[in-house]
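Annotated in TrEMBL:
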DOMAIN    183-392  domain 'Anoctamin dimerisation'
DOMAIN    395-976  domain 'Anoctamin transmembrane'
TRANSMEM  406-433  transmembrane segment
TRANSMEM  482-501  transmembrane segment
TRANSMEM  569-592  transmembrane segment
TRANSMEM  613-635  transmembrane segment
TRANSMEM  789-816  transmembrane segment
TRANSMEM  837-860  transmembrane segment
TRANSMEM  941-962  transmembrane segment
Amino acid sequence: MYSAVRTNDYDYPESEMDERESLYFDTISLAESEAAAAAAAHRKSISQSRNTIYHSAVDLAGDEGGGGSGGGRLRLGGGAAAEHAALAWQPGYRQSTALEHLNGGGGGGGDHTDAAIAAQMIALQNGRNHLPTGIGVTGDGGQGGGDDEVSRRLLRTSSNISNKDKKLPITYSQWKSRTYRRFDDGKRSVDFVLAYNGETQLEEHRRKCEIFEANLQREGLQLEHNKVQRVHFIKIHAPAEVLYRYAEILKIKVPLKPIPGQDQIFAESAHEFKTCFSRMCKSLFSSVQLNTALFPEREPRIHLEFSRNYLELYDTEHPNFLDASTRYSIINFILQRQRFVEGEETADNLGIEKLVQDGVYTCAYTLHDKDDRDRLLKEWANISKWKNLQPLDQIKDYFGAKVALYFAWLGFYTQMLIPISVFGVLCFLYGFITWNSDPISRDICDDNGTIMCPQCDRSCDYWRLNETCTSSKFNYLIDNNMTVVFAFSMAIWAVVYLEFWKRYSAGLVHRWGLTGFTHHVEHPRPQYLARISRTKKLAGKAYEQDHTGKRTILDPDVPFWSFKFLPNFTSYSIMVLFICISVIAIAGIIIYRMAQRASHSILGSENSMTFKVMILPMTAGIIDLIVISLLDMVYSNLAVKLTNYEYCRTQTECDESLTIKNYVFQFVNYYSSLFYIAFLKGKFVGYPAKYNRVLGFRQEECNPGGCLMELCMQLVIIMAGKQAVNAIVEMLIPYLMHTFKELSYRHGWYKSHQDQRLVPYNQFTEDYNLLPAENNSLYVEYLEMVVQFGFITLFSLAFPLAPLLALLNNVIEVRLDAIKMLRFLRRPVGMRARDIGVWHSIMTVVTRIAVASSAMIIAFSTNLIPKIVYAASMGDPELNNYLNFTLAVFNTKDFQVQPLLGGSQHVNETVCRYTEFRNSPEDPHPYKRPMIYWKILTGRLAFIVIYQNIITMLQGILRWAVPDVSGRLLKRIKRENFLLREHIIEYEKQHAMKLVQTELNGQQKSEGELRQRNNETVIRNRDEATSFV
């Protein structure tokens, strides 16, 4: 006999022992004896059993009688042994060891074999295959049983042992592998888990749970309770008949067994893809291919909507046949539509979401699969695998098609960034190579006599033009002859990327059996039905009562103007309000910049070029980023509540409504400051004799080289800063929260017993400690990437390296998103999808806006049009006097507000220059617009029209030339549909023939039996007649 074993008695480090081993024995005991459950309920906390293995014999004290030695079974001795076992439950009591039992220190007679078994279990758990040195086994008479007896009793199967010996403990590894994510029978898998607080459950909640679980069982789901810890779990398993029934209801497509003729279709398709060029590319990029041993290539299959009538036709062994994500979606569909009240049941009293919201259950989630997750973590969610392709088929099986399409889109978008990034680098290098050939920067640097007018009213001094030498050179890097070429390439690239993505996704969707799937097959959201049932005018249409009195929930039509208009109008009005708040915030930042120009800055002299060109734009950009992030956080939470207020029938409609509202706000929030610099700054300043003012402040002016340099700096700050903020929010904060929780659990920094950690001894307790995966969890990921897409299409001509920054970010983003979903989040419920939804339409709109944006930036923020007009008007193709051409002359005596120069060396200046096209003071019309200004304006407007029409025409040609679905795939789909129809017709024909044959056989059998009975009747009558005679 023994009570417990401590690892340090065998020189094991305590770090190798954890609460899971204690829970293992507690669970074994709970399954065997009611006395064990009572003992576990009286323990103060699980933490008292840390680093200790409690043997089942202690929990079985109520089942076992008096002591006695030997016996080959576990038992608790009487007298001193029982007292010793009782003391073992008290905190602080030193547990006896198996070695002490062997040496007679256990009190009373001891079962030495049981003690050795416990020691052997510890050795097995810690990776050893033999007993520690010095521990032997002696039988009742001192006979040595050795390790053979221990191993025999540990490994004895349940089929050849008695009921008594079935109480023998098994090793933790054996028990864990059998029940890690299965029912206690070790056979049925756990498909879904419900969790609730078992210690403080209210009676009302308990009653709702009972009704809800009873309804689940009526649907055919199998439930099993786990009440080992303070949080109780309900394990749910969906049998095959339930999956088949709902797969038919939900019109889920599954793969068929090979049918005649399909091999020819697949072979021809594979031959078309295996061209010489594709084989060469595959050999060149073999290092990025997937490991086929871990992710084997799947054989193609034809898919058909599931029907129980054709069960024999489906390939039940194929990985796509009702895979894990499909099973979880079916169970989630059932959970969302089960009631939890008796009597008059309404749509407001159904669904697991309502139960979780009311606190009846703490959460409902699916389970990660350890083997699949480990494989994905090693080969996919791994930064070191950044260059490898993604295992999209396995991602689809694990997370569902919706998540898989996101990662497919992100990977495709990242790959498409490679060519435009390379071209952007080449454009940037062109600027470096031709650095010294720019006439504007050369004239600025060589100029020593040009005096520029002050940039503010009183405190600013005159300054020399050559002070902007460095900034003018940097400005040339992004404003050169390649700027238009790069903008043209970006416009074409955006369309090519979107069109080829549609072709690529069509192939994926067909491979996954989702061709033809539409959102019209989606069932209404329970929240939508509940909203209708609470609306007085619609409540009468929401139900129908049959002759038996049973009420059926209906899906009535909801008129737009009567019901949907007001919620939608309110929701979008609040969106417009926040857009106005965002614009006001941007205007405040602009006024801040104006005020800084007009006053002495604490960051440096306002006359220094460092302040003008670097410090002021950087501080304004950082403030802008902070304001953008704060408004983003506030509105994102508000948008969810506004969307729930609307009448969104399906989950897809809800997600799209939320997406549109959020993105429109984010578009203004993120891009407004960039649009200001690109289109407004320096365009309506006025001239020194008559400045245009805002709240008494002069508007900001561009440097002599233009505002493109400042646009570049603002773009880099916001784009890179946003990516850094997203990385912190998505990865660093969850990691820090997880680390803090671990430290709190380890050092006991929790406030109450409710805050204690659950001991993760199986999959559902491990996943319980993870962060929940929301239905719209992909919204944040999509938004981040689509906003980035807007940056590089709308403004990348101001910074040709923007696509490269996006490429480097996305290479890491793919792996970080994968790590987040596998390590930090619970497994999301798989959802079907045929595309990326409304995000594609948003990117299409952004692409069209980008054409107009690029045209206006080139026309008004670069020197392209003024250079062309100057060269044509002045006959100076070398642009030798272009700088002087762009600077107007001003007489200092015409200042509205004379500057306070003090001891400045420019006190006696009579003339200064400013960047504008205006007449000189000596002209009959001083400071008025000259004819050249109107020529330049005409050229700018003409360029916008010509550029936009040419690009739009080319984009239209590309959209027409690149169909959404390739002709090869369309032909394959048609041939597959033909084969499928013929195969079903043949199957129905054979099935009908079998029925006819069975009916004929039955008729023949019936006729034969009838003839036999008639013959027997005749014989019997004859015999009776003979007997009578």
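Cβ coordinates come from backbone N, Cα and C, glycine included.
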- Message: I'd like to know if the transmembrane segment (406-433) touches the transmembrane segment (482-501) in this structure, counting it as a touch only when three or more C-beta pairs sit under 8 Å and are separated by 6 or more positions.
- Response: yes
- Query: If you count Cβ pairs under 8 Å, which stretch among 406-433, 569-592, 789-816, 837-860 touches the transmembrane segment (941-962) the most?
  - Reply: 837-860
- Note on the structure: In the same chain, residues at least 6 away from the ends of the transmembrane segment (406-433) whose Cβ sits under 8 Å of its Cβ atoms read 389-390, 392, 395, 476-478, 480-483, 485-486, 489-490, 493, 496-497, 500-501, 504-505, 508, 778, 781-782, 785, 789, 796, 800-804, 806-807, 810-811, 813-814, 817-818, 836
- Quick one: mean pLDDT on the domain 'Anoctamin dimerisation' (183-392)? 85
